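K.L.:
If you look up TrEMBL, you'll see 6-26, 47-67, 73-100, 126-153, 159-180, 187-205, 232-250, 262-287, 370-399, 405-422, 429-453, 459-480 marked as transmembrane segment.
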């Protein structure tokens with residue numbers, strides 16, 4: 001029990017340190033209860049520097065699933081099957097090249113802003129669903145992974161207790177300081193990950209049961225059969241392009257001081273993902289090179305069973321390292337989990353507060369009200385993720401499916417909203433339905449959903465579903481546009497008011513520091529002219545077509 005007590009003290013110190021850093025960082029924000037500013041909370045006032053931005057971007061991707069999953073894949077199927085490090089790194093590079101600059105230049109606050117501005121508020125609400133599911137299931141999966149990890153080393157601690165404690169710490173400091181707290185705790189957590197795992201590697205490598213990993217290279221290198229190449233390609237494309245349309249990514253991009261820095265932090269974070277994958281790759285190789293009969297591991301439990309291999313990293317820490325090193329390594333895993341969980345909790349609550357509550361239900365909500373809703377969202381998302389992590393056994397499967405939906409549905413929508421001017425709400429809605437429909441038809445063995453259609457042995461099915469979704473939004477948008485422009489369909493059938501009878505675009509501006517009154521920026525769709533209007537001019541959620549009472553907006 002002395003050993004367990006020492007480990008508990010080490011973990012307690014780590015959690016307290018993270019909590020204190022989060023509270024300290026929260027004091028850096030300029031917003032206050034007297035003059036609340038949601039942009040200050042959600043995006044740290046767009047004042048995140050390059051160095052802190054690189055750390056928080058890297059820490060968001062290098063989570064518990066990334067660390068544990070990399071070690072597991074190398075041990076069970078080999079390095080060639082371990083796609084996450086390369087996939088996420090390339091995803092960050094592609095995101096930096098294609099989306100970082102235009103999204104930051106446009107001054108958006110969340111990833112859903114361009115969708116709601118172009119396709120309407122309710123269409124943005126529909127696109128919020130797969131984005132929310134991805135964030136919540138991701139948080140639940142990594143909290144569950146942490147609970148299982150801690151229970152391996154500290155057998156006296158239940159998985160439920162470790163999940164609840166971790167979720168509570170994340171909720172408290174995220175509530176306190178928003179993105180400032182998340183970003184600065186990510187710096188500390190990334191340091192713990194790097195140092196903790198690198199300290200553990202040489203101790204594990206020198207254990208008497210471990211062979212030379214250079215000699216055993218053919219065993220942990222793995223191999224890919226021709227029959228696996230289609231699935232491997234499909235999953236790699238999912239990681240690369242499906243890894244872009246996440247609010248956790250764009251929250252960092254949009255918080256950068258400039259568009260160029262947003263692009264640079266994506267590139268640097270890609271390098272960080274590769275560098276931080278090296279320790280878990282080595283740990284997986286060490287586990288593969290070890291004779292587990294020469295350790296104190298209970299050989300009655302098959303080391304190669306799926307239930308055990310997913311915990312191979314903490315098992316290496318426990319059985320191949322001295323106990324104090326195991327506790328340091330566990331701190332690293334805890335850091336990895338919290339660095340991803342806090343980001344997802346903040347991202348989901350930010351999207352709900354701004355894009356759903358303010359822009360769909362309460363368009364005249366004050367900054368104070370939006371901030372309150374966001375804080376309630378942080379609490380509810382954190383609690384929800386913890387409950388799912390405790391109650392649901394197949395969380396990874398749920399997150400896996402939601403990641404598919406992000407790839408199939410959100411990526412083509414994001415590509416079009418940024419780069420294809422002629423797309424509209426009709427195409428967006430059609431692509432949303434068709435993408436979901438085809439993803440369901442190809443089935444999902446992990447959920448017991450049988451495949452209704454087959455595209456052939458040489459076609460990656462998920463990627464084809466994404467391309468079908470992309471083609472749908474392009475074709476339907478162009479078709480409907482032609483039908484209305486050529487008067488084949490009368491204007492009264494433009495039910496989304498996006499092609500013929502286009503209303504003024506009304507964007508709520510930030511509150512004045514001296515009053516709670518909102519002002520609005522009104523954009524004339526025909527001319528692009530912009531005006532500043534007072535709330536008293538708003539009638540039935542629109543402004544008069546005349547310019548009387550409107551002052552020019554610069």
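The backbone N, Cα and C atoms fix where each Cβ goes, glycine too.
Could you give the neighbours, burial and distances for every feature on this list?
P.N.:
Nonlocal intrachain contacts for the transmembrane segment (47-67), taken as residues 6+ away from its ends with a CB within less than 8 angstroms of a stretch CB, comprise 84-85, 88, 92, 138, 141-142, 145-146, 149, 179, 182-184, 186-187, 189-190, 193, 197, 243, 248-249, 252, 255-257, 261-262, 264-266, 268-269, 272-273, 276-277, 280, 313, 332-333, 336-337, 339-341, 343, 396.
Beyond the transmembrane segment (187-205), the same-chain residues lying 6 or more positions past its ends with a Cβ under 8 Å from any Cβ of the stretch are 14, 17-18, 21, 52, 55-56, 58-59, 62, 67, 213, 272, 276, 279-280, 282-283, 286, 316-317, 320-322, 325-326, 328-336, 338-339.
Tertiary proximity for the transmembrane segment (262-287) is limited to same-chain residues at least six positions away from its ends with a CB under 8 Å from its CB atoms, namely 50, 53-55, 57-58, 61-62, 66-68, 70-75, 79, 82, 84-86, 88-90, 92-93, 95-97, 100-101, 103-104, 190, 193-194, 197-198, 200-201, 204-205, 210, 213, 216, 220, 252-254, 256, 312-313, 315-316, 320.
Within the chain, the transmembrane segment (405-422) has long-range Cβ neighbours (under 8 A, six or more residues past its boundaries) at 98-99, 102-103, 111, 114-115, 118-119, 127, 130-131, 133-134, 237-238, 241-242, 244-246, 428, 431-432, 435-436, 438-439, 462, 465-467, 469-470, 473-474, 477-478, 481.
Non-local neighbours of the transmembrane segment (429-453) in the same chain are 119, 123, 126-127, 394, 397, 400-401, 404-405, 408-409, 412-413, 461-462, 465-466, 468-470, 472-473, 476; each lies 6+ residues outside the stretch with a CB under 8 Å from one of its CB atoms.
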K.L.:
Thinking of Cβ pairs under 8 Å, which stretch from 73-100, 126-153, 159-180, 232-250 has the most of them with the transmembrane segment (459-480)?
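P.N.:
Top-ranked stretch among 73-100, 126-153, 159-180, 232-250: 232-250.
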K.L.:
Any chance you could find the range in 6-26, 73-100, 232-250 with the most Cβ pairs under 8 Å to the transmembrane segment (159-180)?
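P.N.:
Maximum Cβ contact count belongs to 6-26.
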